[in-house]
Amino acid sequence: MFATRQISSIAKRAFSTSTSSNAAKVAVLGAAGGIGQPLSLLLKQSSLISHLSLYDIVNTPGVAADLSHINSNSKVSGHVPANDGLKEALTGCDIVVIPAGVPRKPGMTRDDLFNTNASIVRDLAVACAEHCPKAHILVIANPVNSTVPIVAEVFKKANVFDPKRLFGVTTLDVVRASRFVSEVKKVSTEDAKITVIGGHSGVTIVPLLSQSGHSFTEEEVKALTHRIQFGGDEVVKAKNGTGSATLSMAFAGARFTNSLLEATVAGKKNIVEPTFVQSDVFAKEGVEFFATNVELGPNGVEKIHPVGKVNAYEQGLIDAAVPELKGNIAKGKAFIKA
Ligand SMILES: NC(=O)C1=CN([C@@H]2O[C@H](COP(=O)(O)OP(=O)(O)OC[C@H]3O[C@@H](n4cnc5c(N)ncnc54)[C@H](O)[C@@H]3O)[C@@H](O)[C@H]2O)C=CC1
Ligand SMILES: O=C([O-])CC(=O)C(=O)O
């Protein structure tokens with residue numbers, strides 16, 4: 001249901017309504033990339049955005065010129081590093097979405113991207129802390145389990161950290177889970193709402209199929225769990241060295257950004273999305289960031305939902321996720337502290 005409803009309502013807004021009076025400035029950093037371009041296209045259709053600000057180290061003037069001909073009401077600007085481009089892109093931003101960074105090739109883990117992407121995300125976070133310290137920051141760049149703590153540490157160093165405004169985008173995991181379960185159970189995706197908790201890599205992705213209202217055989221649970229945890233690898237393998245998920249990620253990133261806009265700009269209530277945030281849910285186990293369903297409100301995180309009832313199999317998945325997550329988070333924090 002979400003997909004159809006979202007696309008038709010976005011399309012309607014684009015062609016029949018004007019931009020909301022308190023609409024937001026939204027920046028996409030990495031906007032010329034595989035995710036950045038389709039994500040920017042989807043965001044261009046939102047009437048809750050007044051200014052779509054596109055930043056990349058290359059090619060954003062062209063992407064911005066192209067998108068700017070679409071007759072929705074938002075302004076589009078393109079920025080590259082020259083002439084204070086990053087400062088221009090970020091100043092006045094309400095939301096910053098960060099898909100900047102390299103994607104995986106076959107045989108790599110998301111953690112293998114750390115060496116390249118950690119410094120990209122750090123430098124962009126430093127600029128956000130300086131030019132738009134109150135913006136909501138949505139991190140897509142992998143490894144999300146480490147890049148989110150990196151942004152947090154940068155913001156803490158600059159004394160501007162607000163944990164309610166920092167999100168790791170894990171929406172693709174629930175989008176995949178919904179699709180895969182709908183295929184197995186032969187139901188509409190509307191009837192396949194799956195909670196996915198934890199983080200965004202391999203065993204840290206924990207689907208809670210027992211909460212879905214469907215019954216599964218043991219074999220189905222194992223196969224679905226594996227497919228949801230390693231769905232990213234399916235795409236990396238199929239793209240055969242040319243990248244990872246871009247189009248489904250753009251869809252998922254737009255879904256999360258639109259939900260945040262609905263909560264912050266449109267003041268809608270009961271907007272719930274899964275996301276990797278600073279959380280108390282597993283704080284006792286030493287896990288500072290964790291993805292669960294989160295209610296979004298005018299200031300970002302409104303309420304972090306608990307994990308809820310899990311069965312023994314899912315408890316085993318959580319037990320496997322916790323140490324891995326702890327390590328990923330510590331690695332991100334140590335990168336900035338060092
Ligand atoms: N959170 C999630 O669920 C997902 C995350 N990803 C991650 O998203 C990231 C981007 O993936 P793609 O768009 O496929 O890669 P891509 O290589 O197609 O695009 C990345 C873009 O970032 C730009 N870039 C590099 N350094 C930059 C900097 N310092 N400032 C601004 N822009 C910079 C590049 O010029 C390029 O246009 C990867 O790290 C990938 O692993 C991908 C899919 C899902
Ligand atoms: O698999 C990757 O590297 C990209 C990603 O995070 C995903 O598709 O979930």
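Backbone N, Cα and C atoms are what each Cβ position is placed from, and that goes for glycine too.
Nobody curates TrEMBL annotations by hand; they come from automatic prediction.
His200 (active site, proton acceptor) has a Cβ environment of 28 other Cβ atoms inside 10 Å. If you look up TrEMBL, you'll see His200 marked as active site, proton acceptor.
If you draw a 10 Å sphere around the CB of Gly30 (NAD(+) binding site), it holds 26 other CB atoms from the protein chains shown. Sequence annotations record features per position, and here TrEMBL assigns NAD(+) binding site to Gly30, Ala31, Ala32, Gly33, Gly34, Ile35, Gly36, Asp56, Asn117, Ile140, Ala141, Asn142, Met249.
Annotation for Arg110 (substrate binding site): spatial neighbours Arg104, Asn142, Pro143, Val144, Asn145, His200, Ser201, Gly202, Gly232, criterion Cβ-Cβ under 8 Å with sequence separation of six or more. Under the heading substrate binding site, TrEMBL lists Arg104, Arg110, Asn142, Arg176.
For 25-168, the entry in TrEMBL reads domain 'Lactate/malate dehydrogenase N-terminal'.
Taken from TrEMBL, the feature domain 'Lactate/malate dehydrogenase C-terminal' covers 170-335.
Close contacts with ligand 2, defined as a Cβ under 6 Å from any of its atoms, occur at Arg104, Asn142 among the binding-site residues Gly30, Ala32, Gly36, Arg104, Ala141, Asn142. The residues near the substrate site, meaning same-chain residues not in Arg104, Arg110, Asn142, Arg176 whose C-beta sits within 8 angstroms of the mean position of the site's C-beta atoms, are Pro103, Pro143, His200, Ser201, Gly232, Asp233, Val236, Ser244, Ala245, in sequence order.
Confidence annotation: the domain 'Lactate/malate dehydrogenase C-terminal' (170-335) carries a mean pLDDT of 98 in the model. In this structure, Gly30, Ala32, Gly34, Ala141 are the binding-site residues from Gly30, Ala32, Gly34, Ala141, Arg176 whose C-beta falls under 6 Å of some atom of ligand 1.
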